[in-house]
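According to TrEMBL, the protein has these features:
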- 20-44: transmembrane segment (TRANSMEM)
- 37-286: domain 'G-protein coupled receptors family 1 profile' (DOMAIN)
- 56-74: transmembrane segment (TRANSMEM)
- 94-116: transmembrane segment (TRANSMEM)
- 136-154: transmembrane segment (TRANSMEM)
- 193-217: transmembrane segment (TRANSMEM)
- 229-249: transmembrane segment (TRANSMEM)
- 269-288: transmembrane segment (TRANSMEM)
Amino acid sequence: NLSTVSEFVFVGLSDAPEIRLLLFVLFLLVYLATMAGNLTLLVAISTDSHLHSPMYFLLGNLSLLDLLCPTITVPKMLGALLLEHKEISFSGCLLQHFSLIAVVGTEIFLLTVMAYDRYVAVCHPLRYPSIMSRMLCAQLAVGTWATGLLNSLLHTSLVFTLSFCGPNKIQQYYCDIPPVLALSCSSTHSRELVILVVAGVLGSSACVVTVVSYIYILLEILARNSPGVWHKAFSTCGSHLTVVCLFYGTTICTYVRPSFTYAPHWDRIVSMLYGMLTPLLNPIIYSLRNREVKCALKRAISQV
């Protein structure tokens, strides 16, 4: 055990009693709405035969990730707000950190796979069933989860094998890379460099694949130049593109930068965007922008 610190204390939320109660109610409502939205989307995709296609299989994986992401952090935060139990053990912090980075990493790679799926659907519609077969979809999904887990294992081992021998107050409401690194009494420069390079390479690779997919989609739309093609393409890709911009923007602002730029108050706002708001908005964006999902939800509600 390289650490003399046995527990950490979250100090990322206000200590004012009246604000704590207000924040508790607000975050509880957001969390419950997130759970309800993503569970509803998962049930609709799994039970409706019209949604048994590669696109919705990948969307189901996204909904599962959006269930896990807030569940890793929000219950502990709600406990800290209501019961003032702000402590977390060293092993608990490690587990929370590993789980969160795994989910965030997996979602980045999954959004990339979904961009490729949209590229095949728009640019090669006749070959779509043969290219995006069930076997390939399963392999891509397993690959995204495995890559996310391996990426998280690397980041977690780099952070939690450092020495923690003094301060233990985390300027955040969960165990994240920048605030935990700030508490280490070891030199963190080399490990920060490795984290930055790995996150930069994987994140930029995923971003490049996504951007290239949409460039090909745009070129295909311009080449066809037929009536209604813009509306059809936007209905096919608009939801995914909105989610990609929202998720990539917040995660890049949080992770792909050196720790000396870490600003606790700004980072708490950004982390709440991708940790709580994005999982809440994803099912809303997909259900409002997608006619098939809306029809499936109506059928599910009518059956209930």
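Just so you know, glycine gets a Cβ as well, placed from its N, Cα and C.
If you look at the transmembrane segment (20-44), the same-chain residues 6 or more away from its ends with a CB under 8 A from one of its CBs are 13-14, 51, 59-60, 63-64, 66-67, 70-71, 74-75, 77-78, 81-82, 84, 276-277, 279-280, 282-284, 286-287, 293, 296-297, 300. For the transmembrane segment (94-116), the residues of the chain that approach it from at least six positions outside its boundaries are 55, 58-59, 61-62, 65-66, 68-69, 72-73, 76, 88, 140-141, 143-145, 147-149, 151-153, 155-156, 159-160, 174-177, 180, 202-203, 206, 209-210, 213-214, 240, 243-244, 247-248, 251, 274-275, judged by C-beta separation under 8 angstroms.
Counting only same-chain residues 6+ beyond the ends of the transmembrane segment (136-154), those with a CB under 8 A from a CB of the stretch are 54, 57-58, 61, 98-99, 101-110, 113, 198, 202.
Over the domain 'G-protein coupled receptors family 1 profile' (37-286) the predicted model carries a mean pLDDT of 83.
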